[in-house]
């Protein structure tokens, strides 16, 4: 069941939550709406569900105009961040709730509940109450309850946001495996870049009520459409074009109408650190080293006082043996310039000064 969004906009007073959104979610795909708070991702999900009505535009589900269709008639499964399970009902009763409301035959209901308990890997726990389950197990039950009525579309609003990091990671892998089994058209909201990249077939990056880019995790990471996307999907150094680091590199600087050169964007993984100089490297001093298991973060201050962050894998770290105060030589393997870009701050940007 595909979902098509045509020119959808939504205002809340003076605040524009969505502005001329156009999007197609292909049949059977798992799509992530990714963005910071206030980007419009949850409003778009709620509009698809029927919890918010657009001020303009059209929402088409399975070829039918659902823009003004009541939420109860859309046949959509919805999973919230905080489970919303009935505390006084057992797990079986929670899963069966939607089927019983729809007057489903008892024998069929029982069969469907057992099927879903197996699907969410909670066989044998059907007679327990929500309070007797872990957070991860409760979220699986919430998902099973949403799937019980065999919805056309599954919507998930930050489903793992209330769980700790280890459980979130386990459930991400489980959700991806589950989707590969049921092939239900699904849309989930998240502000977690890693979650979106690990789980989704396609990612919709949103900012300020607009779509910045749509693509696979690889497409968005390797070919970001804007400085916002590059900064939001992973960390990035934003450096002045006249930094000594780029004196040896031949790519042409872009200049804006006012004559200012756009900054250069380099991901921490795209720096190479050397113990000896070559023709394309510049000298710097290591200011700080942070060991993160399989990865090492190295902050380097260049001779012109430009500060950069580089990432090393374990093998590179063993070869370089980075320590604070050590002199190194650094060069970018890959650098990107966006026409019209400025050095406007963003949470995930690492600037070339003041680290």
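Using the three backbone atoms N, Cα and C, a Cβ is placed for every residue, glycine included.
Small disclaimer: the values here were computed from a predicted structure and weren't measured.
The annotation ATP binding site is assigned in Swiss-Prot to 35, 36, 37, 38, 39, 40, 41, 42 on the grounds of sequence analysis. If you look up Swiss-Prot, you'll see 3-233 marked as domain 'ABC transporter', on the strength of sequence analysis.
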DSSP three-state call for residue 41 (ATP binding site): helix, strand or coil?
helix
Have a look at the binding-site residues (37, 42) and report the one with the fewest Cβ neighbours inside 10 Å.
37
Of 35, 36, 40, which of the binding-site residues has the most Cβ neighbours inside 10 Å?
35
What are the other residues, in sequence order, whose C-beta lies within 8 angstroms of the center of the C-beta atoms of 35, 36, 37, 38, 39, 40, 41, 42 at the ATP site?
191, 206, 207
Around the C-beta of residue 41 (ATP binding site), how many further C-beta atoms are within 10 angstroms, looking at every protein chain?
29
Model confidence over the domain 'ABC transporter' (3-233) (mean pLDDT, whole number):
93
Taking only same-chain residues 6+ apart in sequence, whose CB is under 8 Å from that of residue 39 (ATP binding site), what do you get?
206, 207, 208, 209
Measure from the Cβ of residue 38 (ATP binding site) and count the other Cβ atoms within 10 Å, all protein chains considered.
14
